[in-house]
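Novice: I have a structure I would like to understand better, so I am pasting it below and will then ask my questions one at a time.
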Amino acid sequence: MSSTQTPGTTALRHRTVLLDEAVEALVWRPDGVYVDGTFGRGGHSRAILARLGPAGALVAFDKDPAAIAEAGTIKDARFSIEHTSFAEMPAALAGHGKVAGILLDLGISSPQIDDAERGFSFRFEGPLDMRMDTTRGMTAAQWLAQADEQDIARVIRDYGEERFAVQIAKAVVARRSEPGHGGPLTTTAELAALVAKAVKTREKGQDPATRTFQALRIHVNQELADLESGLSAAYDLLQEGGRLVVISFHSLEDRIVKRFMQAHARPQQNADPAMRRAPLRADQLPQPTLKLLGRVKPGAEEVAANPRARSAVMRVAEKLPSPASPSSASTQKAGRA
């Protein structure tokens, strides 16, 4: 996603990453029920609705109150939105039965990054908030003011893959606990300046605060835990032939998505070693329940128009019939004929 604006304002020009590719992969029956797990500013949702027939339906999710407000501009009886994480899909979709497709466009949107008041970016000075849902939960500043040094270092190391995590954590604790060090961090500028002093080397083309800001955002919003829960929920909710489309923007997310899809597409590789050594027929081993349909990255033209798209990776999988289901049995017989 991308946008242009004056820092701190909300007048945004918004671009949705892999818009056509995602919707093309997702919508395979126009009368199905679909899920947009991250409404954002509605780019994917509007494109999905354009491809659905009168009997189709779209249920969207988002934690951001600004996204919920934007969703209110869609006047379509086939559309509804839930102000919660996509990890809560099972409860919200209880009355819909199995769904035809689920789209998860992960990470943070450009309007969120570029709004200084949200505190997501080191480029704009603002309160150190970082919450997707500004109506609940602890801000980044509140967490940094009370977390111990070990926890701060762990979060920055694990979620930011920052090799100077220990030094940054020490600096945070020193600032808040020692006279003359400035007290607890309250703004994005204060955090960025502290990290710049603690990080002794520079990566070409990357601000030293990039990894720390990513780590704190992931922690504050429990993004990876939500992703793992959301993938499991999506798998259970999909009907046979249903599509799971996930767009990720950094390696931590993509690694989780890749492992999840491969575990269901190639279960024999993950089977217990004793089972693999046992004298079993192939049909007695775990059978695939997802089919991998591909991995897509933005083309050069999209990246040129929207530089923030350059790290995007889209993975697509299709729900296969259960090995015990009649349709699966008939398919296997046809394949042997």
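Cβ coordinates are placed from backbone N, Cα and C, and glycine is handled just like the others.
Curation does not apply to TrEMBL; its annotations are automatic.
As the structure is a computational prediction, the values presented were derived from the model and not from experiment.
According to TrEMBL:
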BINDING   Gly42, Gly43, His44, Asp62, Phe86, Asp105, Gln112  S-adenosyl-L-methionine binding site
REGION    316-337  region 'Disordered'
COMPBIAS  321-330  compositional bias 'Low complexity'
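Please situate the listed features within the shown structure.
Specialist: Under the DSSP three-state reduction, Asp62 (S-adenosyl-L-methionine binding site) is assigned to coil, being neither helix nor strand. Around Asp62 (S-adenosyl-L-methionine binding site), the same-chain residues six or more apart in sequence whose CB sits under 8 Å from its CB are Thr38, Phe39, Gly40, Ile68, Ala71, Ile81, Glu82, His83, listed in sequence order.
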Novice: Taking only the residues the record lists as binding S-adenosyl-L-methionine, namely Gly42, Gly43, His44, Asp62, Phe86, Asp105, Gln112, what is the largest Cα to Cα distance between any two of them, in Å to the nearest whole number?
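Specialist: The two farthest binding residues have Cα atoms 18 Å apart.
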Novice: Check each residue in the chain of Gln112 (S-adenosyl-L-methionine binding site) that is at least six apart in sequence and keep those whose C-beta is under 8 Å from its C-beta; list them in sequence order.
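Specialist: In sequence order, Asp64, Ala66, Arg118, Phe120, Met132 meet the Cβ cut-off.
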Novice: Including all protein chains displayed, how many Cβ atoms other than that of His44 (S-adenosyl-L-methionine binding site) lie within 10 Å of its Cβ?
Specialist: 27
Novice: Which state, by DSSP, holds Asp105 (S-adenosyl-L-methionine binding site): helix, strand or coil?
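Specialist: DSSP assigns Asp105 (S-adenosyl-L-methionine binding site) to strand.
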